[in-house]
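Now, the feature entries from TrEMBL:
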DOMAIN    5-269  domain 'Acyltransferase 3'
TRANSMEM  16-36  transmembrane segment
TRANSMEM  42-62  transmembrane segment
TRANSMEM  94-113  transmembrane segment
TRANSMEM  119-143  transmembrane segment
TRANSMEM  155-176  transmembrane segment
TRANSMEM  188-207  transmembrane segment
TRANSMEM  219-237  transmembrane segment
TRANSMEM  257-274  transmembrane segment
Amino acid sequence: GSNFFSNFYIRRSLRIFPLYYVYILVVFIYCSYLGIEDVQNWFYYIFYVQNYTMAWNGFLYVPGQEFGHTWSLAVEEQFYLLWPLVVFFCNRKWIFISAVILSCVAIASRFYLAEYTSIVSFAPLFSAMDTLLIGAIIAVISVNQKAMRIVSCSLLAIGLFWFIAVVKFGILIYGWHTGPEIANQSLYLSSNMLFAGIIGVIASGVIKAKFLTIAPLIYLGKISYGLYLWHPFAIQIVDSLQYRGHFLWISGPMIDVSKLALTIAISALSFKFFELPFLRLKDKASEWLNR
């Protein structure tokens with residue numbers, strides 16, 4: 001419709017931007033408190049282009065380690081800035097063809113970058129977009145349940161076989177050490193196919209995953225964006241407290257349990273008191289645009 005772009009971008013902006021920029025502010029204050037002075041790269045995080053500075057300079061080029069995970073969010077935002085144009089201007093057939101071609105380009109680019117350059121191969125959009133395009137492909141074929149089942153089962157079978165083969169032969173040949181990049185990239189690609197297949201077979205009803213409907217998992221799904229953003233910060237808090245001599249009675253696996261519990265607690269508070277108002281505003285914005 002005429003409000004396609006405004007509806008999509010406003011809704012996505014209200015979901016993603018507020019918490020992201022609050023996270024930047026909180027981490028900035030926290031890094032300043034810890035005396036981390038290397039903040040010349042914050043510009044990249046503000047404009048969602050940190051995946052490129054990470055790709056060309058490595059993941060050590062991060063102010064603190066509370067931002068290393070946001071490369072994937074940058075890739076996602078860049079993708080969703082461009083992909084709606086394809087969805088709007090192309091019919092279902094050409095959306096599917098575009099997604100398949102671009103996926104092949106991304107996979108080939110990632111293998112090339114990994115094998116022949118020092119660039120972090122999975123960080124740039126052009127070499128990482130297949131992970132998002134697989135979702136687009138499944139969305140396109142979802143109108144045909146038979147095709148959905150065939151594609152999903154194929155992805156699951158190929159991904160599982162490939163994943164097991166890479167892991168098994170990789171361990172036999174290289175032990176637990178990192179093998180050649182082609183093996184690492186094969187593992188990355190097979191994992192993507194495997195998880196896409198799992199999602200597809202569940203969505204198409206091939207597998208009845210009733211456990212996914214239990215209340216705790218549904219709630220974790222609601223706060224999953226917060227879990228994604230806040231978990232390095234929660235880990236850093238626990239590590240910093242123990243480094244300064246606090247809670248030393250917590251040790252072993254309980255340290256990880258503490259980090260998980262703190263992540264869930266922060267994310268729950270974040271969702272209830274900060275994200276939820278913006279989610280309501282998102283729905284109101286859609287109602288206003290669709291009048």
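Note that Cβ sites are derived from N, Cα and C of the backbone, with glycine treated the same way.
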Top Cβ-contact partner of the transmembrane segment (16-36) among 94-113, 119-143, 188-207, 219-237, 257-274 (pairs under 8 Å): 219-237
Beyond the flanks of the transmembrane segment (188-207) by at least 6 residues, Cβ under 8 Å: 107, 110, 122, 130-131, 134-135, 138, 142, 145, 148-149, 151-160, 162-163, 166
Intrachain residues whose Cβ lies under 8 Å of the transmembrane segment (219-237), provided they are six or more past its termini: 15-16, 19-20, 23, 26-27, 30, 64-70, 73, 259, 262-264, 266-268, 270-271, 275
Cβ-Cβ under 8 Å with the transmembrane segment (42-62): same-chain residues at least 6 beyond its ends: 21, 24, 28, 68, 70-75, 77-78, 119-121, 123-125, 128
Model confidence over the domain 'Acyltransferase 3' (5-269), averaged pLDDT: 85
